[in-house]
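Trainee: Sending over a structure as structure tokens; questions will come in a sec.
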Amino acid sequence: MVKMEFPDQAKIWGLVMCFMFQMGQGYYLPGSYPHNYAVGSHLSVKVNSLTSIETEIPYGYYSLPFCPPQEGVKDSAENLGELLMGDRIENSPYRFKTYVNESEIFLCQTKPLSGEEFGLLKKRIDDMYQVNLLLENLPAIRYTTKEGYFLRWTGYPVGIKVQDAYYVFNHLRFKVLLHKYEEPNVARVMGTGDAAEMIPATDKPEPEVPGYMVVGFEVIPCSSVHDVNVAKNLKMYDKYPSPIKCDPSTVAMAIKEGQPISFTYEVEFELSDIKWPSRWDAYLKMEGSKVHWFSILNSLMVITFLAGIVLVIFLRTVRRDLTRYEELDKEAQAQMNEELSGWKLVVGDVFRAPACSSLLCVMIGDGVQILGMAIVTIMFAALGFMSPASRGTLLSGMLFFYMILGIAAGYVAVRLWRTMGCGDSKGWASVSWRVACFFPGISFVIFTILNFLLWGSGSTGAIPFTTYFVLILMWFCISVPLTLIGGYFGAKAPHIEYPVRTNQIPREIPAQRYPSWLLVLGAGTLPFGTLFIELFFIMSSIWMGRVYYVFGFLFIVLIILVVVCAEVSLVLTYMHLCVEDWKWWWKSFFASGSVSIYIFLYSINYLIFDLKSLSGPVSATLYLGYSLFMVTAIMLATGTVGFLSSFWFVHYLFSSVKLD
């Protein structure tokens, strides 16, 4: 086998082309190394938390009377992201032999159901809880046909209620899709030209025997009645003596208090043409791609049209005023100053420090940190480095990038604070501390309250105490020091010089025809219009159990959002200056940050109309708590974009006017 060599420049261009062509779906890099199994090799199924879109509260698999494995229940290795998402992956008694079809495999017969177990099973069935199984990191997928539509679901229901009786799915029919290959070189298996460079080769020759890779995992749940007297004499993995009919359209195993439940399964292997890199296509198939593209193109057309009109008028007005002003001599300028109105009259107050200036600096610093984290994370996800195959990687990456960008947060906040204070660096450490504790402190309070609710419910979504301790250590041992380092550099960096002097006595703001805050709150509608369609897909992935992997679209939407926020805030700032309102600092922040208000209202609408089946006050409180956290982060990020663009514009505008 000849190993193909590619120059570094070609690799770089190849990566760029992959990013461009896969912008809509995200370039997928497999999350784990492909395993080659020989015939008869053992395959072990793992279980994840029970989940439901009715309650959004996950529970452990073995909280219900299911069969435990012979070696005992053991937790699989988990990363921080998995723990924060409520995933609890454990071993299970389901075991297969590669390419060996088996049927009527007996697992166990439970003890007679106690009143508590019977009531818990009924409650989980009423709340439509799903059992989530994993094989080779692939979730079990279930295909159904409803009203002529072909649907696919991950996991299967615990049971179903028919009339007044409750039925449990105690027999599972598995289908495992295998891809056969006979090539010892992994490069051909992967189907990529330079896979041999990414996967280290060994000098040890591999045997020329066919092997199999797991590329699909399907499940069909059935409800079957088993003979109690026969089952009590069987051991785990014995063959059930009579045939078991698995008909998903009928139910037979009604649960009753005081009666045991017997569990069985069967497995069928099938060869497939699906290759290893494509095995996640069934889960990541993009729904509504035309809707994504239509939303983006519509937003681009509307925003470009409006921005073109605004900028043409805007630039013509400003440039005309500046040109006219600079052509006059000093006496004419002095006379013109007495006659002019608008933004030129607030030249002595436009850079007056706003009220609560330190709080504004802190919020800007946190906004820079959140926005930077979002951009970097979405870029890496769009390139495929945070695929669903690596469970919890996305959340872990967000935490990592957020902590690292504490340097930028401290630097921007302290330098802006020094600019408002005319270069005074005293107290920079206090500003850095507040930056490091403001948004994380709000998040900590929200998640602590929600965690107590989850603890009280006995949910696996509750963060363990050890994880809490790890998060606090990361906060104070990594994030805070990095923010202080950034603040130190901000204190040493030269502050931004104002182009004009500020008068000692503030100018009185004339009475306005309309409340200025009304315009500020209304300005958030335009940024919201650019993202509300994508917001629906994100909300559905979070609360409806759907996989979201169109990070390319999300990256485009993020760019559009940043541009629109900058434009909206810049125009609103100019409008306020034209009516001699020099208090533009906070208004420029909330002009774009007010989009969070509409996002929160949209989340309420989503709760009422799309999650109308959400049951219980705990579930509603969890939803509102997570929504509040999300809109707080969005407010800080979008408000920061609006403020920084307005600050740059005001500085540029008044630096063009030569006044003594």
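Quick reminder: no glycine exception, Cβ is built from N, Cα and C everywhere.
I grabbed these lines from TrEMBL:
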type     : residues : note
TRANSMEM : 293-315  : transmembrane segment
TRANSMEM : 368-387  : transmembrane segment
TRANSMEM : 393-414  : transmembrane segment
TRANSMEM : 435-456  : transmembrane segment
TRANSMEM : 468-491  : transmembrane segment
TRANSMEM : 517-543  : transmembrane segment
TRANSMEM : 549-572  : transmembrane segment
TRANSMEM : 584-608  : transmembrane segment
TRANSMEM : 628-654  : transmembrane segment
Trainee: Report yes or no: does the transmembrane segment (435-456) come within contact of the transmembrane segment (628-654), defined as 3 or more CB pairs under 8 Å with a sequence separation of 6 or more?
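Mentor: Checked: the transmembrane segment (435-456) vs the transmembrane segment (628-654), in contact.
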Trainee: So are the transmembrane segment (549-572) and the transmembrane segment (628-654) touching or not, going by 3+ C-beta pairs under 8 A with a sequence gap of 6 or more?
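Mentor: Yes, the transmembrane segment (549-572) and the transmembrane segment (628-654) are in contact.
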Trainee: I need to check the long-range neighbours of the transmembrane segment (393-414): which residues 6 or more away from its ends have a CB within less than 8 Å of a CB in the stretch?
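Mentor: Those are 31, 79-81, 84-85, 361-362, 364-366, 368-370, 372-373, 376-377, 380-381, 385-387, 425, 428, 431-432, 435-436, 474, 478-480, 482-491, 493, in sequence order.
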Trainee: Under 8 angstroms, Cβ to Cβ: which one of 368-387, 468-491, 517-543 has the largest number of such pairs with the transmembrane segment (628-654)?
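Mentor: Selected stretch: 368-387, with the most Cβ pairs under 8 Å.
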